[in-house]
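Per TrEMBL, domain 'Response regulatory' is recorded for 2-118. Among the features that TrEMBL reports, 4-aspartylphosphate is placed at 53.
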């Protein structure tokens, strides 16, 4: 697989490269420090996957991707950046990013993310038709944390069920959702807080009938 790492800090780019080659030495990994050099690499090599920082010296990473996709629409890409701006996250989603990793990124998480992509590509190339479960897994992993990267105590099936409840109802408290699902409030709160940290939910403070403050969770419109 041909990978292009776009990172303006040479040391970080080389660190990513060295770590990824440990798990997959057959990969060809290119690095560039800015958008201009990245476009030159794309002209010379067919890149399968780009790992792109947002803040580059000559152009923002999302602007680079937008330009590159016009000429190389087959490109797949993952943002690795310190930016937590909602607009940048929204841009990444609209452009079709496979993932959005916030720095500092643990190297094993980066490797898992790239390996998940590699497995999906392999599955698509080996099969003419996929099972419904395989199709669902492909898209779930594209737009949310992979099963391997979920924190301890967060089950992917339960997580998906809780996400679906926000399509049926606009707003939930942990106690309301726990009663609805027949699950403890503490367990539900763990999942709600995880979804909030991922940017999928927003939270506001509410005072219940007894005057006690309780968090209300809403689906993030982004």
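Each Cβ is built from the backbone N, Cα and C atoms, and glycine gets one as well.
Computed from a predicted structure; not experimentally measured.
Looking just at the domain 'Response regulatory' (2-118), the mean pLDDT is 94. Secondary structure of the domain 'Response regulatory' (2-118) per DSSP (helix as H, G, I; strand as E, B; remaining residues coil): 57 helix, 24 strand, 36 coil.
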